[in-house]
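What TrEMBL records for this protein:
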TRANSMEM  6-23  transmembrane segment
TRANSMEM  35-54  transmembrane segment
TRANSMEM  66-84  transmembrane segment
TRANSMEM  96-120  transmembrane segment
TRANSMEM  151-174  transmembrane segment
TRANSMEM  181-199  transmembrane segment
TRANSMEM  205-231  transmembrane segment
Amino acid sequence: MLEFIRTSPLVAIFVTLVAYRAAIAINRHFRGHPLSNPVLVGCLLLLAWLVATGTTFDHYIRGGQFIQMLLGPATVALAVPLYSNLARLKRAALPLALSIGIGGLTGIVSAVGFGAVAGLPHEVLLSLSTRAVTTPIAMGVSQGIGGIPELSAMFVILSGIFGAVIVKPLFGWLRLNDETVLGVSTGIAAHGIGMARVFQISEPAGAFAGLAMGLNGLFTAVVVPLLVGFIHP
């Protein structure tokens, strides 16, 4: 029985969905407290199950990959809120472009720079360079430049969770309430996980986050391969 639990793709899918549903319930119970972020809690619940059952990643991903396939359609579905807020997006076109260029480049340089100061291996630095974009883009770019796609995915998830947890307290501390600033900054720094959090606060802010996330992904996919030569082993 335990062997079936460890190796069955259906069990992996079921446990993933149950973990996330439980995480949403916990988040609602704590009234959306940043530390009860559904992605963070869901990951911890799933990790606890993997450790408790002795399930390896290779066995888990046989089922988990079917959920991962939904990342593409979920990203495409962002077109709906983008269209609903099209007029506001057009008015902010120039500031948005400048913010993405500066913010995206800062994210790349700072991540790699701190990694280099910490003495991380070359492959890890390459993997870090894509940490501010969505998982599919990060893994694809990482593989193309010689990084470790799985490590890039981990950095992406950690960045997103951190951004989703601190975004509301940080903006409250800074006394910022501009929806455009909230959405764009979160979309650039915390991609899809942060965007989901922003949508809970404001749909227009979520629309800006979705657009910033997509454009920053394109920016990163173009710029990172050009900067690889400056990331020395």
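Each residue, glycine too, has its Cβ placed from N, Cα and C.
Automatic prediction, not curation, is the source of TrEMBL annotations.
Keep in mind that what you see is a predicted model, and the values were worked out from it rather than measured.
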With the greatest number of Cβ pairs under 8 Å to the transmembrane segment (96-120), the stretch among 6-23, 35-54, 151-174, 181-199 is 181-199
What else in the chain is close to the transmembrane segment (6-23), if you only count residues 6 or more beyond its ends and a Cβ gap under 8 Å?
-> 38-42, 45-46, 49, 53-56, 59-64, 66-67
Report, as numbers and ranges, which residues of the same chain sit near the transmembrane segment (181-199): CB under 8 Å and 6 or more residues beyond its ends.
-> 37, 39, 74-75, 81, 96, 99-100, 103-104, 107, 132-135, 156-157, 159-164, 167-168, 171, 205-213, 216-217
Taking residues 6+ outside the transmembrane segment (205-231), which of them lie with a CB under 8 Å of any CB in it?
-> 75, 78, 81-82, 84-85, 88-89, 92, 96-97, 99-101, 103-105, 107-108, 112, 116, 122, 125-126, 129-130, 132-134, 137, 140-141, 144-146, 179-180, 182-188, 191-192, 194-196, 198-199
